[in-house]
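What follows is a short report on a single structure.
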């Protein structure tokens, strides 16, 4: 996959691509990246990329000329341009898996109060929000998206690791434990030490349901309505003495 990142602060994404799992994916040739400094396309002496909005209002907007030229400089066939913004559609795991099928992604890192609407109208395929909050740095939001998408690209993460992560079956991940067996008088659940794989699998599914019910009841409702929800899962849910309202079909 080719990833182009358009930013006013290239040092932020550069560190990310040189660290940990992403560095290995780059080294293995699975992920190719290019960081485009939008300031390189501003031709005034001070490399200004912002201006006040027409009609008044607080803050500044990223100007269309340097950003448009930066986008034009990206030579990638069949590229998908994504702008990360609080006003976009909510970013979820299913969308991450969908983007992982693209050959080329172009990420626009916003700053100030946003970008000129004409850039969105002419260049942007998707406006995406990573959560119901506002950040000062569009780079941080873009890196969240890049990380989630890259993990779904074949070869970046082991397949079995992906299959057991949160949200794969609309449930959050089960609790996990490692050494030592006892920590501050808290023991590892005995079933995990039993070596009985079927019992361990059932325990983990029950804990997934329990944890999702507690922290993300919206996901549990969706899970029950999905084709992946099994009779075993329904039985475990009933054992937890919890009843959910029917998931809406419309």
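Sequential numbering from 1, following the chain as shown.
Quick reminder: no glycine exception, Cβ is built from N, Cα and C everywhere.
Per Swiss-Prot, these features apply:
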BINDING   110, 130, 131, 132, 133, 134, 135  S-adenosyl-L-methionine binding site
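Shown on the structure are the features that Swiss-Prot records.
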| residue | record | contacts (Cβ under 8 Å, 6+ apart) |
| --- | --- | --- |
| 110 | S-adenosyl-L-methionine binding site | 62, 83, 84, 85, 138, 141 |
| 130 | S-adenosyl-L-methionine binding site | 84, 91, 141, 144, 145 |
| 131 | S-adenosyl-L-methionine binding site | 90, 91 |
| 132 | S-adenosyl-L-methionine binding site | 86, 90 |
| 133 | S-adenosyl-L-methionine binding site | 86 |
| 134 | S-adenosyl-L-methionine binding site | 86 |
| 135 | S-adenosyl-L-methionine binding site | 141 |
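Largest Cα to Cα distance within the recorded S-adenosyl-L-methionine binders 110, 130, 131, 132, 133, 134, 135: about 16 Å as a whole number.
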